[in-house]
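J.: Quick one: this structure, given as structure tokens, is what I'll be asking you about.
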Amino acid sequence: MKVKKTYGFRKSKISKTLCGAVLGTVAAVSVAGQKVFADETTTTSDVDTKVVGTQTGNPATNLPEAQGSASKEAEQSQTKLERQMVHTIEVPKTDLDQAAKDAKSAGVNVVQDADVNKGTVKTPEEAVQKETEIKEDYTKQAEDIKKTTDQYKSDVAAHEAEVAKIKAKNQATKEQYEKDMAAHKAEVERINAANAASKTAYEAKLAQYQADLAAVQKTNAANQAAYQKALAAYQAELKRVQEANAAAKAAYDTAVAANNAKNTEIAAANEEIRKRNATAKAEYETKLAQYQAELKRVQEANAANEADYQAKLTAYQTELARVQKANADAKATYEAAVAANNAKNAALTAENTAIKQRNENAKATYEAALKQYEADLAAVKKANAANEADYQAKLTAYQTELARVQKANADAKAAYEAAVAANNAANAALTAENTAIKKRNADAKADYEAKLAKYQADLAKYQKDLADYPVKLKAYEDEQTSIKAALAELEKHKNEDGNLTEPSAQNLVYDLEPNANLSLTTDGKFLKASAVDDAFSKSTSKAKYDQKILQLDDLDITNLEQSNDVASSMELYGNFGDKAGWSTTVSNNSQVKWGSVLLERGQSATATYTNLQNSYYNGKKISKIVYKYTVDPKSKFQGQKVWLGIFTDPTLGVFASAYTGQVEKNTSIFIKNEFTFYHEDEKPINFDNALLSVTSLNREHNSIEMAKDYSGKFVKISGSSIGEKNGMIYATDTLNFKQGEGGSRWTMYKNSQAGSGWDSSDAPNSWYGAGAIKMSGPNNHVTVGATSATNVMPVSDMPVVPGKDNTDGKKPNIWYSLNGKIRAVNVPKVTKEKPTPPVKPTAPTKPTYETEKPLKPAPVAPNYEKEPTPPTRTPDQAEPNKPTPPTYETEKPLEPAPVEPSYEAEPTPPTRTPDQAEPNKPTPPTYETEKPLEPAPVEPSYEAEPTPPTPTPDQPEPNKPVEPTYEVIPTPPTDPVYQDLPTPPSDPTVHFHYFKLAVQPQVNKEIRNNNDINIDRTLVAKQSVVKFQLKTADLPAGRDETTSFVLVDPLPSGYQFNPEATKAASPGFDVTYDNATNTVTFKATAATLATFNADLTKSVATIYPTVVGQVLNDGATYKNNFTLTVNDAYGIKSNVVRVTTPGKPNDPDNPNNNYIKPTKVNKNENGVVIDGKTVLAGSTNYYELTWDLDQYKNDRSSADTIQKGFYYVDDYPEEALELRQDLVKITDANGNEVTGVSVDNYTNLEAAPQEIRDVLSKAGIRPKGAFQIFRADNPREFYDTYVKTGIDLKIVSPMVVKKQMGQTGGSYENQAYQIDFGNGYASNIVINNVPKINPKKDVTLTLDPADTNNVDGQTIPLNTVFNYRLIGGIIPANHSEELFEYNFYDDYDQTGDHYTGQYKVFAKVDITLKNGVIIKSGTELTQYTTAEVDTTKGAITIKFKEAFLRSVSIDSAFQAESYIQMKRIAVGTFENTYINTVNGVTYSSNTVKTTTPEDPADPTDPQDPSSPRTSTVIIYKPQSTAYQPSSVQETLPNTGVTNNAYMPLLGIIGLVTSFSLLGLKAKKD
């Protein structure tokens, strides 16, 4: 493979996204009447367009339209039958006509059979030969008729004398019979009269009996009906009384039970009351005693307290007097001020008093109105309550009465419904029984009527058969007599040529069954009809096939042994359908059909033949024949397979062949035939010496056809070359192929020699190569075949034929037929079946019918009580309106009072000790009163039951009279037996027939490509030039003058006619074209007609026109024929040719044909398809492109079409992918490397050379930007190697996803196209997505993944321990390839940060491993990592172990985060960024920045990290709820640093500046 890369302008980012290429719109091309050829039509566009070629199922980018329907003219041309134009030839028949006329005058039945069609000859030589044959046949027919006529005249004279003698004797016998018959008739009349009188008397008695019986039955029925009616009334009343009494008793029992239960309940309640009263009394007496004791104690304590109080009161009163005087003085001054204040406030008070008065008046008015409202409201409510109480009382009474009425009605209804149900049940049973009786009567009647109808039909048939029987018997006996006479005559001639040496009648009529139906089963293989046709068109049978002759013995069966030749069931093949009009070696122009199987030695095919119309055995119809054909395992043919062509007409037999294209020495092929014949009753026919014809057993110098291993007995035909030797039937003594060779008497094929052509069914001496077998029993067999003569006898025993070698090879094949057409002469046939005397049928007995039973009367519906009327509620009175409360005036405030002076506090009076409260005296209990018991209910009085009715006894029925015994009619006299008249000589029937002979000009249509190669039923590419040649055979001598010679060709849909090229290819014709019907017409010019008519006595060669055009559809079949019309007579239709374009599944002519669909899939390095999956930047996509060529297998496109070339275009998105052209590989379907294909890469269409742009433009393809194009260096070699052989190619084109795609993320599309013969087809679009890898870095004070506090950009105190949180990029689920690298690289500032040697790694998302284990988000993953630290440079790299990464399922997402623990050791501002590496591609995180100010408590510089300064502990309080640390490990993994003295306490460190924490306080440790 050559690789070339071309540079040019890049495609615009504005005009192209990451979506894949789409196709250009192709201008539609007209399929008829268009002046411009398809390959000249191009479409250019500056924008991307889409594929429109989906109408055919093929993703075409140019000429996408589906083939339209065939025109009406084309369909009619290919299907409608028309009379064929012929020239009739008359042959003189004067002698034959005179012989027929003489025979008819003599009384011979002269039958003119249908004219025998000698066919339509095509050449003058054939015409002369056929005329000679007809003349000879007419002469023989005239001689045979004259011979029969003379014999018949002699037979008639002898017969008339014998008839006169017998008639006199029969007359005397007749007269005696008539006398006996008269006496018998008189006796019969006497007996009939006596019997009639007895019958009349009996019938009178029977009529009286029937009348008396009817009267008795009527009376009994009336009595029974009356009784049943009374009984029903009694039962209904009895049931009502019983149910009423039962209901009353049930109600009483319920009331008693309820009363008892109620009284039991009351008694129990009274007992409880008594218990509670006793308990209350005891409790009261206890409490009273306690009260009296407590009262005495309280009274004594209160007396002591009173004495103490009086002493303290005296001291208090003295001090009070002093204080009161001092306070009085101060009060006087205060009261003067108060008086002035009071005066001022008096005025205000007066005004306020008026306001109060007004308010009180308003209030009084309101309260009076309110009182009146309340009184009115109470009156209304009282009235409404009284109305409601009255309504409720009435409602209660109504409901009580309603319940009583409803219950009474329900009880009555239930009783009625029960009676109805019982009545319905009884009547249903009666109805069911009556229905059964009706059915039995109907069945009996139907059975009787059926039997009667059958009897009547049988009787009619019997009477007819009885009448026909003597006729049939006579016909049968006559035929048997005739056969016996014929056999006796044949016995005299049995040693003469053509006669059976053992004269026999042929009771098996089995000569011809053209309409038989064939079904096959086999343990071999069925063959497709298309495979058989394909085999005929090849190799040794091709020459005849091209002449429309199916030469079965030339077929090379190796062409039937391909795997795709096998069918699932039988398929018929022959000269029918598209082979109509073809000839076969089996029956010339007659239609022949056969099913084909492929067998090995010992394998069989079983054929069942039905729809037999012409076959009989002993005059009885044969309905079915079953043959089993088995390949004799002893056959010596060299190959392994045998083709059996089994004809649908069983009388034509089988063609068997193991011929592989070469003759074989010492070969043989034998087929065992096992067969059974069946009558119409499907029973096997038991043959009794039935004759089976064994014919056409040819023997040449090197080949012998024979029958062997047969059941039955061989019967030789005198003069035949066929005999029996060593159990084999064949030409035992001489050859029979050619007269004069090896003792052969005649030549088997027709030539000028007398007696030649014996090997045809209608040859008078066909017996020369035939014999017969007498068969008996139901199952018979015979093995038939052909063998090299050397297998039968030594060469020394063989006849010598000059110039021929008896050891020559031969074809191992044979056509043989086994039928009843015995070739011996004058073999009589059994055509009449021996009749059986008919048996008189027996009349059926008339049935006795059952009587139906009457139904019971329905019960009477009860009268229901009317329900009471419900009470009406009195409407409530409306309530009065409530008065509105008044709005009161507000009083004015008084002037504030003067401030009262501060008085001395009076002494506190002594406090009297309060008397203790006397205890509460207990209240005597109130005792409950016991409830009285309920009175017992009163038992009801019950109704008396009614008396049942008594039935009236039935009257006895009268005695039936006995039918008399009648006299028997005497036996009539026996019919006279007359002597049969001698059978008159049968009017012999002679048949004669005329012949039809015609000459017909032959037409043939051929379809060829531009290289003049026959492409009929093959495959050519779309846009190919296809030529139709309209050929006519030589015009025969003796024809009429040709005045017009017109060929009309309705072209197929989708075929683009080229008028100029057609005219150029058709000299001698005027060409016209009808665009509306897509039909082209050729008319011979005057000059051409002059050439045809130059000499009518000689044949003349014709010239032919050629239609030139292109096929423009994918997956289309172009069928075409033409009609020749000469002298405006009936047209002659040509054969139908057809060609198909690729892209059509289920194409019968081209089994490999299917849709043209290039495919594209994306795979990873392991060959897994990753279409639609997420791919990582830096990964390699292995695009696998299929160049779909299998549908072109056996294509026959012309050289100019092939030179359009073969290309494959890969339109890849260069924004996302980097082409690895050095790794591109092309292999064929077998895995072999493909050579002779170059690949070029162009950055855009404009950068490609004009040649490439033209190819793409004509194919309707416009890549979006960069593309690579594969092309065949030598189209012809590529076509021969891959296209014509149908071998698909596979292109693997690796492409690397560009690293920058991981920075931005996004999807990209990829599509390809193949261009074959200038036709473009688009592949599917492959879409993949690249995730954006966006690592993030935070600064945290905890190791809790749930803590989202980030102090990036804030202040960190000196000596604080904190963490860098490195959040890796997320790898989405369903990614294309395994992870093998996922690293965190942090280049920290070692001047400000000291790595403590501790880190942790956690899962950021749920991760699923290949073994199904799920690692939940937040799970620590440190154990799956390693760390590398360079403290000098301030760098740490945390790497996931590759084994762990590869254990992660590609269907799972993946993301991790690392915590690296640091200690701030310096003052200043520090920035930091980390790098996340994923599968070899690096991604930078954001930059974090933190600041550390001077420590006010310790301004010294930080010490070396190995000698840490005093640690700082920060205590903080959360604003609301306390922080809960996550459940992670409390220790970090050691990365090699030995100093781990400082470990941060998780979840308790905070900063003051950005966390809004309260109570921040630092202190020294």
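Cβ atoms are placed via backbone N, Cα and C, with glycine included.
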J.: Quick test of your reading of Swiss-Prot: among 217-221, 1232-1236, 1392-1396, 1532-1536, where does it put motif 'LPXTG sorting signal'?
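T.: Swiss-Prot lists motif 'LPXTG sorting signal' for residues 1532-1536.
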J.: When you check the repeat 'P1' (848-887) against the repeat 'Ag I/II A 3' (303-384), do you get at least 3 Cβ pairs under 8 Å, counting only pairs 6 or more apart in sequence?
T.: yes
J.: Taking the repeat 'Ag I/II A 1' (146-220) as the reference, which of 303-384, 385-466, 888-926, 927-964 gives the largest number of Cβ pairs under 8 angstroms?
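T.: Selected stretch: 927-964, with the most Cβ pairs under 8 Å.
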J.: Between the stretches 221-302, 303-384, 385-466, which wins on the count of C-beta pairs under 8 angstroms to the repeat 'P3' (927-964)?
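T.: The stretch I would name here is 221-302.
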J.: Could you give the residue numbers and ranges of same-chain residues that sit at least 6 residues beyond the repeat 'P2' (888-926) on either side and whose C-beta is under 8 angstroms from one of its C-beta atoms?
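T.: Counting only partners 6 or more residues beyond its ends, the repeat 'P2' (888-926) has Cβ contacts under 8 Å with 277, 280-281, 283-284, 287-288, 290-291, 294-295, 298-299, 301-302, 305-306, 308-309, 312-313, 315-316, 319-320, 323-324, 326-327, 330-331, 333-334, 337-338, 341, 344-345, 348-349, 351-352, 355-356, 358-359, 362-363.
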J.: In the predicted model, what is the mean pLDDT computed over the repeat 'P1' (848-887)?
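T.: For the repeat 'P1' (848-887), the model's average pLDDT rounds to 79.
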J.: Take the repeat 'P2' (888-926) and count its residues per DSSP category (helix H/G/I, strand E/B, coil), listing them in that order.
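T.: Result for the repeat 'P2' (888-926), in helix, strand, coil order: 0 helix, 0 strand, 39 coil.
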